[in-house]
Amino acid sequence: MALVNNCQKRLLLGFNILLGIVGVLVLLCALLGGTVKQDDPNSSIGLVMIGVIGVVAVLLSLMGVYGVNKENICMLKTCIGIMATGTVFFFYIGINTAISKAEVMENLREHLPRMMNEENLREDIMVLQAHRRCCGIVSYNDWGSEIPDTCKCPSFELNPSQCTEVKTTEDRSKWEISPVSDTVRIYREACGPLILETVDFTLKATFGVFVGLGFFTLIGIVLSCLTIHQIKNTQSSRFQETTCDNRFHL
């Protein structure tokens, strides 16, 4: 005979199934991210951490489903311990991200103008310009006498507000007006503000995701505790009934 009512059992089962789905999605994100070339060691460490979270979530989901179906208090307590650890971890990452956000953004603002001086970053900036349709970090003048093709705006007829016109020498090697000059259309917007906007969104998203996961696992802890409490109460009631019946027969 079941020790837990069907409504509460279904709630906890639904939670564990949802946890498993989240774990699979997180694991897929880590695997897909691993297929992209990662030059930054920190990115690889982050992907490994995400993958570990996904695997733990899937295993925890399976343990939770087993614990609920078998009404196994030991298994449910193990799940509670793992979820409690996860809750502390998620809240720590989320809160730490929120606290350090202002400092990270300030350091990035100070570093942005110096990015053009680092040769190893110039190629990344060129890729960013083509992808985000921008030119330079502070302005197009960051490139000095060099005019990268990724700065050129081919969509002037379709979207003129996205482009601006500058004068160059005949060989298009300098950003200046000369007796023999030519007009080049480049992207109007600089990449610096877009980088800041992306990092700001990423930090906010990180805070939201980890705090959300913290509350999600907290719900699982509460449901598991209620289930254990109900199992113990039902077992205690049955034990008392059995004891009374034995005394009555005696």
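Placed from the backbone N, Cα and C atoms, the Cβ positions cover glycine too.
No curator has checked TrEMBL annotations; they are predicted automatically.
Here the structure is a predicted model, which means the values were calculated and not measured.
Taken verbatim from TrEMBL:
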| type | residues | note |
| --- | --- | --- |
| DISULFID | Cys134-Cys163 | disulfide bond |
| DISULFID | Cys135-Cys151 | disulfide bond |
| TRANSMEM | 12-33 | transmembrane segment |
| TRANSMEM | 45-68 | transmembrane segment |
| TRANSMEM | 80-99 | transmembrane segment |
| TRANSMEM | 207-228 | transmembrane segment |
Top stretch among 12-33, 45-68, 207-228 for CB pairs under 8 A with the transmembrane segment (80-99)?
207-228
Greatest C-beta neighbour count within 10 angstroms, which of the disulfide-bonded residues Cys134, Cys135, Cys151, Cys163:
Cys135
Cys151 (disulfide bond) sits from Cys134 (disulfide bond) (Cα to Cα, rounded, in Å) at a distance of 7
